[in-house]
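As structure tokens, the structure follows; a few thoughts come after it.
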């Protein structure tokens, strides 16, 4: 429980402070804007240092299950999300699509362990969805939302390639060279990544500070929509892929629900910075941070 409270406190505090600085000190924040890609690259690099390719390969024995889950989380679910959002809450269709199309978050193995799921499958999904995202994300956004907004699919592809695949490859090289010595520095990764996340949010928000402040009403509506969306994510994750065991279903639920929101914030800020897209994506940090607590309690009661 202490670990959960620590995760909850850190992310929410960072979000609140970052939003405040970005909105009310935009001139300072705009100095950080050119560095947002670098911030995300470092976050991915540090996260990838904890993923050992050989260990993940051992866990990927059930190719059929891994392939099914990847297709569901990266292709099928974003399509369903966008279609339903266009019907029910069209104003939020694009930000919900961005969130739905994201790969699993780098904390997926940790959160899966907390709720009693299959950590092995969580490791595999973290790596495979992240490495496939440069292809699936621009395609999903282009094909689904291309008629509504301008989607620079090729630019999104290259951006994702530089912030996901390149840091991952460098991290695996560093792991190979330093081996066990790198583990001694793991404890510094989380606080450094959280600070970089805060700087990234400041740089993104400051670009549209005036527009965001003039659309304060978006905050309330976005929080309500996101609350329902994240509740549905848990259901879609657990029941979406047939033929899985309970621990595997929990791993899929965590990978789908607790997606890489940092990447979504980066993409929204870089390619879709209009307030109606940027605000909901940034505010997703709230249900993302809070949701794991009631989810864990429900799983403990049911099993």
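Using N, Cα and C of the backbone, Cβ positions are placed for all residues, glycine too.
Features as listed in TrEMBL:
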type	residues	note
TRANSMEM	7-26	transmembrane segment
TRANSMEM	32-53	transmembrane segment
TRANSMEM	65-85	transmembrane segment
TRANSMEM	91-112	transmembrane segment
TRANSMEM	119-144	transmembrane segment
TRANSMEM	156-178	transmembrane segment
TRANSMEM	185-206	transmembrane segment
TRANSMEM	218-238	transmembrane segment
TRANSMEM	250-271	transmembrane segment
TRANSMEM	277-295	transmembrane segment
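Beyond the transmembrane segment (65-85), the same-chain residues lying 6 or more positions past its ends with a Cβ under 8 Å from any Cβ of the stretch are 92-93, 96-97, 100-101, 103-104, 121, 124-125, 128-129, 132-133, 136, 140, 144-145, 236, 240-241, 243-244, 248, 252, 255-256. Remote same-chain partners of the transmembrane segment (156-178), defined as residues 6 or more beyond its termini with a Cβ less than 8 Å from a stretch Cβ, comprise 37, 40-42, 44-46, 48-49, 51-53, 103, 130-131, 133-135, 137-138, 141, 263, 266-267, 270-271.
The stretches the transmembrane segment (185-206) and the transmembrane segment (91-112) are not in mutual contact, being linked by fewer than three Cβ pairs under 8 Å (pairs 6 or more apart in sequence). By the Cβ criterion (distance under 8 Å, sequence gap of 6 or more), the transmembrane segment (250-271) is counted as touching the transmembrane segment (119-144), at least 3 such pairs being found. If one looks beyond the transmembrane segment (32-53) by at least 6 residues along the same chain, the residues whose Cβ comes under 8 Å of a Cβ in the stretch are 106, 123, 126-127, 130, 159, 162-164, 166-168, 170-172, 174-175, 182, 186, 189, 192-193, 196-197, 199-200, 202-204, 206-207, 262-263, 266, 269-270. Long-range neighbours of the transmembrane segment (277-295) within the same chain, counting only residues 6 or more positions beyond its ends whose Cβ lies under 8 Å from a Cβ of the stretch, are 4, 7-8, 11-12, 15, 19, 92, 94-96, 98-99, 111, 114-115, 201, 204-205, 208, 212, 215, 218-219, 222-223, 225-227, 229-230, 234, 253, 257-259, 261, 264-265, 268-269.
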